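Structure record follows, encoded as structure tokens.
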Amino acid sequence: MTPGIRPLVAGNWKMNGKGESLTELRAIAAGLSSDLGRKLDAVICVPATLLSRAAETLEGETVGLGGQDAHFKTSGAHTGDISPEMLKEAGATHVILGHSERRTDHHESNKLICAKTEAAWAAGLVAIVCVGETASERKAERALDVIGDQLSGSLPDGVTAENTIIAYEPIWAIGTGLTPTVQDVRAAHAFMREQLIERFGAKGAHLRLLYGGSVKPSNAAELLGVADVDGALVGGASLKAADFLAICETYRNL
């Protein structure tokens, strides 16, 4: 944790969830309506098909709602894409950009993610920008170089703690059950903080840095207690309210 920064736990449902999944969303909102919700912020990023119904479910609750990607243009001939303005109208407050699965499956570049981030801001959304290295890059001892390049290329100059959140997700740890050591996470987050302060000054010191990659109730305390880890980007464990809330509960004792 970073002193003075309110933690955030974000759930990424990926390509999972249909109407019945809103039961889990209601349970998450209910669990965070207690004193637990005063200890952290929470956001659930659902598939686009659920956004409007999820917004209705979360009306009056403290849980934020996010999309999982957005185009960099407001409208046009872009079949299958969704603009930030559309996400906002559907009830989103946040949007994940540059997730490793988008970078890999759709060959998204740092330049494209930078453009998407600016578009998200223009629509009034908070951008959750993801960075992280592959297994081969880590093996070649290039992890920090890759993270640095992604931070430099994916973040516009207008970054503030209000419009941007950074998520470090070592690609080799996503959905594999593998988790970096505490030392690895500490080194990556310390490096990111250093790079952000160097570029953005005091603003960089206040940006929230999330860790993402096989976060679950059994390892949450260890990971979320690391210096400069200001929360988590949770994948599979966010699909079940009990697991997501158990991760959030970690902040009662940190």
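First residue shown is number 1, and so on along the chain.
For all residues, glycine too, the Cβ spot is worked out from N, Cα and C.
Features of the protein shown, as given by Swiss-Prot:
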BINDING   N12, W13, K14, G175, S214, G235, G236  substrate binding site
ACT_SITE  H99  active site, electrophile
ACT_SITE  E169  active site, proton acceptor
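Sequence features annotated in Swiss-Prot and their locations in the structure.
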{"residue": "N12", "record": "substrate binding site", "Cβ neighbours (10 Å)": "26"}
{"residue": "W13", "record": "substrate binding site", "Cβ neighbours (10 Å)": "22"}
{"residue": "K14", "record": "substrate binding site", "Cβ neighbours (10 Å)": "19"}
{"residue": "H99", "record": "active site, electrophile", "Cβ neighbours (10 Å)": "29"}
{"residue": "E169", "record": "active site, proton acceptor", "Cβ neighbours (10 Å)": "24"}
{"residue": "G175", "record": "substrate binding site", "Cβ neighbours (10 Å)": "12"}
{"residue": "S214", "record": "substrate binding site", "Cβ neighbours (10 Å)": "21"}
{"residue": "G235", "record": "substrate binding site", "Cβ neighbours (10 Å)": "22"}
{"residue": "G236", "record": "substrate binding site", "Cβ neighbours (10 Å)": "18"}
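Apart from N12, W13, K14, G175, S214, G235, G236, the residues listed for substrate, the same chain places the Cβ atoms of N16, I174, V234, A237, S238, L239 within 8 Å of the centroid of those Cβ atoms.
Across the residues annotated as binding substrate (N12, W13, K14, G175, S214, G235, G236), the two Cα atoms farthest apart lie 14 Å from each other. Rounded to the nearest whole angstrom, the C-alpha distance between S214 (substrate binding site) and E169 (active site, proton acceptor) is 9.
Put simply, K14 (substrate binding site) is 14 Å from the residue listed as 'active site, proton acceptor' when counted between their Cα atoms.
Straight-line distance linking the Cα atoms of K14 (substrate binding site) and the residue listed as 'active site, electrophile', rounded to a whole number, equals 10 Å. Between G235 (substrate binding site) and H99 (active site, electrophile), the C-alpha separation comes to 11 Å.
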